[in-house]
Every structure is written in structure tokens, then in C-alpha cells.
Amino acid sequence: MTPRVGIVLGSGLGAIAEALTDATHTPYAELEGFPRPSVAGHGGTLSQGLLGGLPVAIFQGRKHVYETGDAYGMRVPIRWLKEAGAETLFLTNAAGSLNADVGPGRLMAISDHINFLGVNPLTGPNDDAVGPRFPSLRDAYDPELRAKLHAAATGLDINLAEGVYLATAGPTFETPAEIRAFRTLGADAVGMSTVPEVILARHAGLRVAAVSAITNLAEGMGGEELSHEQTLRNAEVAARDLVRLVLKFAEDY
Ligand code: HPA
């Protein structure tokens, strides 16, 4: 079955894989060049099957910059997806919100990003067979797919926010001063993933859609000091809507 859409699942968002029918599951360990994710809550499984009738490949588990210091970890899976015949990559992540009106449990469609990782997954020799040396990232988050996301959300009565995602390398959460700076720069949400995959996907000519599950107000904005446990707990809440949204997106694709 040729996947039409690849879906990357973020921390605590594994429930989407359970909605697959006719599914096959392959551990990354059996796939040449796939990463070996090391974080609790990240599986490391490629699941293929039908989601709302749409052939998809679900990547459960991703490699982050904080694991190795480089952004190359998802290169093989994203290029595999393109080679397999897919046209779109749908990314999900857990993120902190810089907007007090968009709190834990909410979803945010990503409209653009700011790369504060300090690294880029295309650094090094370019593979011209995959894509150009200097790819444009204008409209990297496909406007048509974003419109479909909003339409799906409206139909499901989900209050889908939209905004700019800023990626930091982590693994520390941000300082309150950094969050104030990032807000000035135009960021609406902050996280430690997604941007490398978006760059790899656009380079390879895949269309991109991305949704953040807001798990917390960014550091300094809320009462509680941030922790990974809090991320996973609140991701579960947001995941309920995210599963519905992704399923509807797949049905209407
Ligand atoms: N910062 C960075 N990454 C995150 C956050 C955050 O506040 N929440 C979930 N992932």
C-alpha cells in the first residue's frame, strides 16, 4: 500500500496510531538508517495502514537535536516517505504557548516557523536527486492544507489556533527571559522538534501540515515549573482533539 500522507506523532500523541485499520507495525530498529529515539513517551515504530480510508505511514518516535546535537536524525524516514510515493507530511508536536489565551489542551495549526535550533538538517553536501541546494521555505506550511485543517476543526467544534512555532535545541526548557524575547520575535509557540522534518520535507518536495498540541503556557507564564511529566499529562488532553482532527483531515483529504 503506497502511503499518501506521512504522520509524525509527538510526545504523548500515540493514540492516533490506534485509529489505524489494516495496520502493519515495524520497529525502527528493523529499518535501515531510521533513528533510535531515546526519550520516554517516544516509541520508535513505523505503522502503515488506513486512517479514515486514507493510506498513511505513521512515524511514532522522532530524533531530536538535543539527543545528538545535529538535525540529521529524521533524514532517512522523511526521504523514505517521499520515495514510498507520499505527497504530504503531517507533523504533530507538544509545545508551550506564548499566548495566554491559548492554554494547555488547545491545538495550534503552525503557519510558519523560526529556526532557533542552531543547526539545519541540510547542512553538508546536497543530494541534487532529492532537492535543490537552497530551498525556499515560503509557504512551507501549505496554505491549502491549513485551510483544510481549519475547515475540519470547525466541523468538529475544535477551537484551532494558528501561529508561528519557534524551535529551540533544548533539552532545557526556555528561561522566562528567552520566552519574553521570543514573543517579541513573533513566536506563538515553542518546542524542540518539527523544524528539521519540515525542512527535509520541503527540500524533498513534500507538502507540509503541522499542528502543535499545547501542553503548557511557556516558562514564566504559568504557576507550575515545567517538566516532561506535565508535557505528557497535558498532551493526553490535547490528543483527544488531535486524534479527531487528524482523522477528519484524513477522511476529507
Ligand atoms: N518548551 C519547549 N518544548 C516544549 C514545551 C515548552 O514549553 N512544552 C512542550 N514541549
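Note: Cβ is positioned from N, Cα and C throughout, glycine not excepted.
Now, the feature entries from TrEMBL:
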type    : residues                                         : note
BINDING : Ser11, His42, Arg62, Lys63, His64, Ala94, Ser193 : phosphate binding site
BINDING : Glu174, Asn216                                   : purine D-ribonucleoside binding site
DOMAIN  : 4-250                                            : domain 'Nucleoside phosphorylase'
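Taking the binding-site residues Ser193, Asn216 in turn and counting surrounding C-beta atoms within 10 angstroms, the largest count is reached at Ser193. Ser193 (phosphate binding site) sits 14 Å from Glu174 (purine D-ribonucleoside binding site), taking the C-alpha atoms as the reference points. Secondary structure at Ser193 (phosphate binding site), as computed by DSSP, is coil. The DSSP secondary structure for Glu174 (purine D-ribonucleoside binding site) is coil. Taking a Cβ cut-off of under 6 Å from any atom of ligand 1, the binding-site residues Arg62, Lys63, His64, Ala94, Ser193 reduce to Ala94.
Ala94 (phosphate binding site) and Asn216 (purine D-ribonucleoside binding site) are 9 Å apart (CA-CA, integer value). Between Arg62 (phosphate binding site) and Glu174 (purine D-ribonucleoside binding site), the C-alpha separation comes to 21 Å. The Cβ neighbour count for Glu174 (purine D-ribonucleoside binding site), using a 10 Å radius and every protein chain shown, is 22.
The average pLDDT computed over the domain 'Nucleoside phosphorylase' (4-250) stands at 92.
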